[in-house]
Structure formats: C-alpha cells, structure tokens
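One structure is given below, encoded as structure tokens.
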C-alpha cells in the first residue's frame, strides 16, 4: 500500500496521536498534521528530522537518539520514550516552567528492507503534558490519585508486593466488563483474565521491575466478561523503599482494541493489495503530482520490455511511448479524474514496447486529495489487454470479412452501400453502381476437381477482381461463387459497364491449377443508384436479378437492371399474397431439429423451424418466404403462431418423455417481432397456456439485431429473463457486436454460426474462432451451441473444446413432430445411441 495512504489510515485510526515516518535512505521525515500541532508549527510539509529534533529538550535528546539507534542496530521490539519538546515561539530556557515545553510519549519501530537492513523508522506520538503536570502536582500527596489524574480515562491498578494484594479502580474493572465487588483483591484475579498466550510476557514485564528498571509498558489481550477478547495497553512503575527494593507496583491500562483492529485490517489490506496485484500480473505506478515524480513497479517496466532500473522517475517514460492517436484521450482521462469530474481513472490506450511492438493497455487509478480536495497524488495499475483486444479485433474482422479470401462480406458491403445511399440523399453528387458477379459453372468445376482446387480457384479470382478495383471501391465475396463491387462516383452507366467488362476479362483469363488448364466466365448484373433506392438490400437484390437475367441469356454476359425486371417484383407480391393466405388457411407447419448434448450424444432439446406447405409449390423452405415475411411485417403473426405451437408441442413431449433435465425448445424471434410486438406479454401468455417450465423455453435473437439498439434490447431481454425464459444469441460471429457489449446482455447461450463450424478443417483460422467463441461463452457463464455439424470430425472437435450442444445433419435433419416423436421413442429404447434422421 502506498505510504501516504498508510500514514493517513494510521493517523485516522490513532485518534489523538500524531504520526511520523523517517526515511533513512534520503534522511527525509514526514510529520502528520497532529504532530505539527503538538510542536506548534503551522500546516505545511515538514521533511527534515531537525524540524522535530531541534525542538527536543536538551536533557531528553540523548535518550531519544539512543532509542533510534537501538532500532537501527536490530532491536526487534518497538521502543517507547517520554520526552519534552519546545513549541514554536516559546522561550528557549528549559527552566521556564510551562511556557512552551510539552511532554510527548513517542513510540516507534524500524522497517527493514528485503535484506533486513532498516530503511525507515515509523511511529506515533501523543501529547502527555497534562498527565505529566498532574503527576508533578499530585506526587506530594498520593501516588494512586496522581496516576489516576495522569491516566485520565485509563483503568488504575495498585499492587502491594508485601501484602500480596491488589487494588483495581472502577474504570479498570469496567474495561473488563466487571462490576465493583465482583472480584477480590488478589493479583491472580488479574492474571486469570489475561489471554494464555500473553500471560507469560506480562509476568516477565512485571517481574523485571526493580533497580534501575522502574517503568514498563506492554500490550496484551484479556478475556472480557461478555466472552470477547480485548487488547489492553498497560503502563506501570515500581515504588522502591529506601533500600531500592520494589514494594509496590502501580500503573494504568487502556483499551486499545480499536487501534489493534485497525492495525490488523491495515496489514490485511496491504497483503490483499499486494497479492491482488501479483495475481493479476498488473504493473503498478504512483505519481506524486507535487514533485512530478513517478514510481514504476518492476512488473510495469517488464510489461514494456524494460528493466526497472533503466527507467527514470519522469512521467515521460510513460506518456512519451503512448500511441500519438491515443495520447490526447489518455491525458483527458487523467484530467477528468484529477479535477473530480470522474470518480475513477479508467482508460484503454496503445503504447510502444521496447521491441517496437504496439501493446494495448488498460490503466486504472485513484487520486489522493488534500483537505481542500486538490489531487496531490495518483496511483494505480496497468493491465496488458493486448491479447483480448487482438481477439476482439479478429472477431470483428471475421464478422465483416470472408474467411477464405479476406474480402469484405455481405454485411460490410451492405453497410457501405447504405452509406453511399445516405450520402447521395443528403448531398446529391455523382451516382454509383453495384455490380454483381457470379462465376459460371463453378459448382461443376468444384465437384470435378475437389474443394481444395475450388478454394484456390476462388482465391485467384478474388485477387484478379481486386486488381480491377479502383481505390475507394469495395469488392466483397457474398457466397461461394458470388462477388459484388460497390462502384462509387460514376458519371453514367457507361462507367459501370466498362468496370464490369474489366471484371469479366479478368475472370476469363486462362489459369492452371494442379495441371488443369481452366477458363472461367462470369455473369454480371448492374444496378444503378439513379433508380432511387431506399435500402442497400434492394440495390443488391436488383443487381442480383440483373445477373440472373444475364446468366439465363447464355452466361458470360452483362445486364443492367431496368423496368423489365419489375416482373419479378410482381412475382414477389404474389408470393406475399399467398403467404397471407397461408396464415389464414393453416398452410404453415413447424419442423423440429434436435439439439444434442455433446457429452452424452443424447437429445437435449430442439430448434423449431418454420415451413410452408404451399398447395401448388409443395414444401417451401424458409429462405424463400421468411425474408419476404420480415419485409412485409407478416413475420409478427407468423412468429406468434410459431411460439404458441412450439411451446404446446414441447409440453406434450416433456409429459411423454420426462427427464431430470426437461427437454427444451428454441424458437427464433424476428427483428420485427422483437421490436414491434408485445413480446413479453406474448411469452407470458404462452407459458400460461403450455404450462412448460419457463427455463425450458429459449428465444433465439440474432447478433445483428442486438446491436441495432443495444440499450432497448437489453431492457427487453431482461424483462424476458426475469420470467426465467432463456435467451440465445444466434449466428454469433457473423454480426458486428463488440465483446465489450456482449457481457451486458442477459443471454444464456451463444450459437456458433454454421459457416465457422463447417470450415473448421479449412485451415483458415475458423477452428480457432470456434474455440474462442466456445471459451468466451464459458467465461461469461453461457452455453455454446454449434450449428451445421455435418461430420464426425467437426463433432469430435466440438467435444474436445467443451462445446456443450450441437445440431446439424450429422445428428438429424429438421423433421415434423410425428417423426421427432418416433425418434424420441427410439432413443428411449436405445439410450446409448441416438437414432438418426440424418
């Protein structure tokens, strides 16, 4: 613990005592405000031993020096000495009575360094002038009352050695919780109440009185009448007869339990702080603002690759190494705390290490203020969070980029298209275009030559397309063989056509892979911003529609979206109408995909997936109608229906297949339903209707949905969580949430997106990403569910990294309720093996 905190803690706990601290290495001394009051000195820093010692009475100075020297030569017990000091401004003569001379009792001890050599003397002083004067006045009459007056609130005792009796004052008795008359006058009554561990040392101190040793002081523990333990400070003197033989022992004792407790707490606090700092592996720093001197701990220096003795005590050793872009923010964080505008200092910044590496650091600190509230010192810790920041940056990069090619993905492309639309709406300016590129016959090449060759082919094509990209344009990979380019700042459609032709030519250049001469072509669609788009998705959709028309026209062609493609929009309208009818005519059904506990291989729960039984088109997969339902708002009533049906089905399965841990059901919640619907009310109704345990119902929310309005989502999620319903973040890793936000959401589960799981063996870092997400879930107290598991290798890897759950075609495909029920029956009959629907 820092020295100033230590001093003021001691001063605060000591009550009426003053505190002093003599640094033997630089011969400086700290005197507390109360000590300076004893000396009659004005407030201000006193940093010379002479400022104390020059005030000591000439007859007492040698005894005081002897006490100091005894500590410096290895005396282990603290010393105590009474001496006189002259108050500032008083007369200089020692014989001038009471004009300026004060009696102090000084206690102290040495503080050694690691080698055992004393480096500091620390202690306390108390003003005993009143007691000394009282002793002088009463010495002529009765010693007992002289001691009573001097001891003030202390308990008095008087031991007649010849008679073998002892007197205990009422105050002495009350310190032990005793009443007058409750004990006899035997000294044994005293000793019996002394703690057994301290009894011997007290007897030795009393026995040692006599001859020249007529005064003693000792601290010991006693048993209080209430059953507790109290600490006592006992002082005594021997009364000698004419032959110098002790005939009486008289003295006083005071309850110092509070002080001893404070000292113990201080010691524990120091130990805890030291252990915490060592355990956290943090570097410590301490900046004295009055002298502008900074202490850097060995760990602080080592974190930056320096030896501690190679650093000066300047603040520049720190600030001069901070990244230029972060220095102003760090200084501002310090200023806001030092001026009192922020309660604590906490800031993240980058700093250059000795080897030139850039490290991320988290600094925390707290200022020490004087009586006026002005910061005079600030101390704290610095934590290396480089690994955490790099993992977060990598996760963020992966969320916005394609793992194979490193190009931006669909999410990042849509974001940049949206920014271009916003700029165009606000300021007008030049038009822009979206070019959609699809590789013709890539699937056939991939199937014939294998995915390894196919992956290398895609990387080569990505590099070629990137070579045609102008500075400022965005090239993205959307799916296996689909790319798109945001072409910004064009004059007319001719610029877009020229760019598309360059891309087509780049794709068509012959290439050789593993002895195969390959020639590819691309179908390319163009959408222009002049069509008046409101949403980025619409523009990308129209570019894809133009690409499909180009492909249907014979491949290796370029087409521009125009009004002729509106026919497809009309088809979407017809689909929307059919979807409304589907709601009314019960054409929607739920399929259920089992979620397997990887530790046992048994079914733990299900994900409810919506399907559409179209009277003409047959079973329509969700990808063909869910986006349209989301866009039209139909997803809200569809979601209500799905939640009710899924919960009711779960209740039936739980009743028929009881388990110690009930089966659970995951139900997807759309962004429309999450934002516009009374979701909490709906969930409450569903729980009442289905009577399933709330903890067995799990709502799945996409990562990107959470980040649209984190504060609102957090409130709504907490309302759901308060009902004991579980929450799952779906498609984790594909969105753009920050790790700093994740722990703020009351979620129970992270679902690892299938794109990461199915690429575990790709060697592109996806296995590491999956492991990071699973580990992150464990750290945050969440479960991890891996989606899209299709191979035993993927399943084994997930078990090895302690991922709790998985789902995918390896275990079972989504199936209607009757097929799932048959699966549960077979599992109940064969508990050691999961019957497969794969």
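Just so it is clear, glycine is given a Cβ too, placed from its N, Cα and C backbone atoms.
Please treat TrEMBL annotations as automatic predictions, because they have not gone through curation.
Residues or ranges marked as domain 'PAC' in TrEMBL: 79-140 (among others).
Sequence annotations record features per position, and here TrEMBL assigns domain 'PAS' to 141-207 (among others). Mean pLDDT of the predicted structure over the domain 'PAS' (141-207): 82.
For the domain 'PAC' (216-268), DSSP puts the residue distribution at 12 helix, 30 strand, 11 coil. Residues or ranges marked as domain 'PAC' in TrEMBL: 216-268 (among others).
Taking DSSP states H, G and I as helix and E and B as strand, the domain 'PAS' (269-341) has 40 helix, 11 strand, 22 coil. Residues annotated as domain 'PAS' in TrEMBL: 269-341 (among others).
Residues annotated as domain 'PAC' in TrEMBL: 345-397 (among others).
According to TrEMBL, the domain 'GGDEF' annotation covers 430-563.
The domain 'EAL' annotation in TrEMBL covers 572-828.
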> Considering only Cβ pairs under 8 Å, which range in 216-268, 430-563, 572-828 makes the most contacts with the domain 'PAC' (345-397)?
Replying inline: 572-828
